[in-house]
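Asker: Structure provided below as structure tokens; questions to follow.
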Amino acid sequence: MNIAIRNPVPIRREEGSLQVALDPADRIETAKVFAVYGKGGIGKSTTSSNLSVAFSKLGKRVLQIGCDPKHDSTFTLTKRLAPTVIDALESVNFHSEELRPEDFVVEGFNGVKCVEAGGPPAGTGCGGYVVGQTVKLLKEHHLLEDTDVVVFDVLGDVVCGGFASPLQHADRALIVTANDFDSIFAMNRIVAAIHSKSKNYGVRLGGVIANRSAKTDEIDRFNAAVGLRRLAHFPDLDVVRRSRLKKSTLFEMEPSPELKAVTDEYMQLAETLWAGADPCEAVPMKDRDLFEFLGFD
């Protein structure tokens, strides 16, 4: 019996960062890919889902991939908690060839395709591995060939090698933040992770999305200092809270002038990103420097 042995994937070390090179066969080459990061609870899933709808309203074929073990990224699109990739794989003892696309892909509002990667039980395994397996599974079933836009909605502000794995696939990383100390502090750490990964991967920072904030003065001041730009601003509105409780995207809510301003902003954001947002060559601050920089006495 002949046993085929694949050459190991090379490991690169850059400035103390141990990084596994992406197998060329796993690259997403047929779509524009965005990875959405931000502090935990900042509204990344809300932002990702409404951005996905905005892309779909531009006539684009959209796939949203939730990268959180809670698997709650896409429920406003699908109106339910979708089955996870890891659960689907476990059901067939990890024989992926036995799965059908409908076992792990759910079509949501306005035709947005939704996938929840899921993750290992708490305290075990690596979530980044699950993200990698999700992309491989999508490729095996040729589900990326008819896709124009992929949106990765990534867990919290975790920037370990595992949950930084969507950066291997992304063209642009987007950071969702609020106009407060904790959100901007988390954003700086994410900038540092992306700055490190961009040495080996093609990902670049696309910009910042201000969320749940009446003002953006601290965000804008930080952006100017490190080399970022604000792409959109979504204030803290009750209609957003109600849309989550209704398990709906903002585009499905009862029309109002306030809501129209928000959905118009999402449409403008989608148009900007589709046209090709120039990369931000941001350089993160050191933690202590940022501590002194933010806020006022």
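Just so it is clear, glycine is given a Cβ too, placed from its N, Cα and C backbone atoms.
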Asker: Which of K70, K79, K286 does Swiss-Prot put in the same ATP site as G41, I42, G43, K44, S45, T46, N211, R212, P235, D236, L237?
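Answerer: Swiss-Prot names K70 for this ATP site.
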Asker: List nothing but the one residue from G41, G43 whose Cβ has the fewest other Cβ atoms within 10 Å; the candidates are the binding-site residues.
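Answerer: Sparsest of the binding-site residues G41, G43 by Cβ contacts within 10 Å: G41.
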Asker: Whose Cβ, among the binding-site residues K70, R212, has more other Cβ atoms within 10 Å than any of the rest?
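Answerer: Of K70, R212, the one with the most crowded Cβ is R212.
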